[in-house]
Amino acid sequence: MKMAIVGGPTAVGKTDLMVEVCEEINAEIVSMDSRQIYRYMDIGTAKPTPEQRKRVPHHMIDILDPDEYYNAFLYRKDSLKAVEDILKRGKIPVYVGGTGLYADALVRGIFEGVPADENIRKELRELERREPGILRKMLEEFDPEAATRIHPNDLKRTIRALEVYMKTGRRISELQKETKGDDRFFIIVLTRERYDLYDRINRRVDRMVEMGLVDEVKRLLSMGYSKDLNSMKTIGYKEVIEYLEGKYDFEKMVHLIKRNTRHFARRQIIWFKRYENAIWYNLTFVSKEELKKTLKELIVKNFSV
């Protein structure tokens, strides 16, 4: 049995397509999105609509409040529990989403062997506060391989890599290689030509704003959720917060959401290119009906192996 992971950049059309595919093969969707796990964050995370969720059951959506901690290790554990439930009911589980870290946790396993040390983390954060950029330089010196995989702006993962090195004397990149992978999955990546994808992103952002994204953010803030939460730094939310703070006008806010989403989509595509055996489909050139037929056959065939 091999389960499909259907990944790809934001706004490529994963949800709409896979709801139709899964509906026709008696499958259920396991969301692979690190933002759709949060309650109350519906518009800005482009969650499946109630109608789509009624047509095909979705798992790993609305499981946490915005201030709750979560990581890829917990995602793997919880999503595999959902898979067990789906299998018991005789259905096919299909992972759908664009969070590359979650895909890695499933396919490559995840290293979680060194407990967090808040004292070390506090020291590292303070060091970075006093000398911005110093942690990146330390990572490049102590673990060059990890530095090539961790984005320069990803302070959280940089601190984790340094924390592991400081506690064990070993590089996190080495420890991760010792983590066993999982051969129960195969990866399908949906993509589009850049002009097509960027146009879809721009139109999606316009729809989000029309649907009430600003009011959604206001409501979250009024519920007591801090702008400093990791969840509230999601693209779309952080720009609205800065707009509400008067840092720029409405038009600039919309422009920044579109630009930052386009940059994010580009990073997602780069991430999924790391999977050598992934099967790619370009939705700009393939008809929806033709692709639906191909995906249904591919998912069912691999699941039956």
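Cβ atoms are placed via backbone N, Cα and C, with glycine included.
As annotated by Swiss-Prot, ATP binding site applies to Gly8, Pro9, Thr10, Ala11, Val12, Gly13, Lys14, Thr15, with the evidence given as sequence analysis. Taking Cβ-Cβ distances under 8 Å and a sequence separation of 6 or more, the neighbours of Thr10 (ATP binding site) in its chain are Ala46, Gly98, Ile201, Thr261, Phe264, Ala265, Gln268.
When other Cβ atoms within 10 Å of the Cβ of Val12 (ATP binding site) are tallied across all protein chains shown, the result is 26. Annotated substrate binding site per Swiss-Prot: Thr10, Ala11, Val12, Gly13, Lys14, Thr15, in sequence order, evidence recorded as sequence analysis.
Through the fold, the region 'Interaction with substrate tRNA' (33-36) approaches residues 44-47, 60-62, 70, 75, 97-99, 101-102, 231, 234 of its own chain, all at least 6 residues removed from its boundaries and within a Cβ separation under 8 Å. Under the heading region 'Interaction with substrate tRNA', Swiss-Prot lists 33-36.
Annotation comment: Swiss-Prot describes Thr99 (among others) as site 'Interaction with substrate tRNA', evidence class sequence analysis. The number of other Cβ atoms within 10 Å of the Cβ belonging to Thr99 (site 'Interaction with substrate tRNA'), over all protein chains shown, comes to 20.
Under the heading site 'Interaction with substrate tRNA', Swiss-Prot lists Arg121 (among others), citing sequence analysis as support. The Cβ of Arg121 (site 'Interaction with substrate tRNA') has Ile159, Glu163 as same-chain neighbours under 8 Å, each 6 or more residues away in sequence. Annotation note: Arg121 (site 'Interaction with substrate tRNA') sits in a helical segment as assigned by DSSP.
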Ordered by sequence, the long-range same-chain Cβ contacts of Gly8 (ATP binding site) under 8 Å (at least 6 apart) are Lys14, Gly98, Val189, Leu190, Thr191, Gln268, Ile269, Phe272
So around the ATP site, Gly8, Pro9, Thr10, Ala11, Val12, Gly13, Lys14, Thr15 aside, which residues have their CB within 8 A of the centroid of those CB atoms? Gly98, Leu190, Arg200
Counting other CB atoms within 10 A of each CB, which of the binding-site residues Pro9, Gly13 comes out lowest? Gly13
At the level of the C-alpha atoms, what whole-angstrom distance separates Thr99 (site 'Interaction with substrate tRNA') and Thr15 (ATP binding site)? 14
Cβ proximity for Thr15 (ATP binding site), under 8 A, sequence spacing 6+, ordered by residue number, returns Ala46, Pro48, Gln52, Val96
For Ala11 (ATP binding site), the same-chain residues 6+ apart in sequence with C-beta under 8 angstroms from its C-beta are Ala46, Leu197, Arg200, Ile201, Arg204, Thr261, Ala265
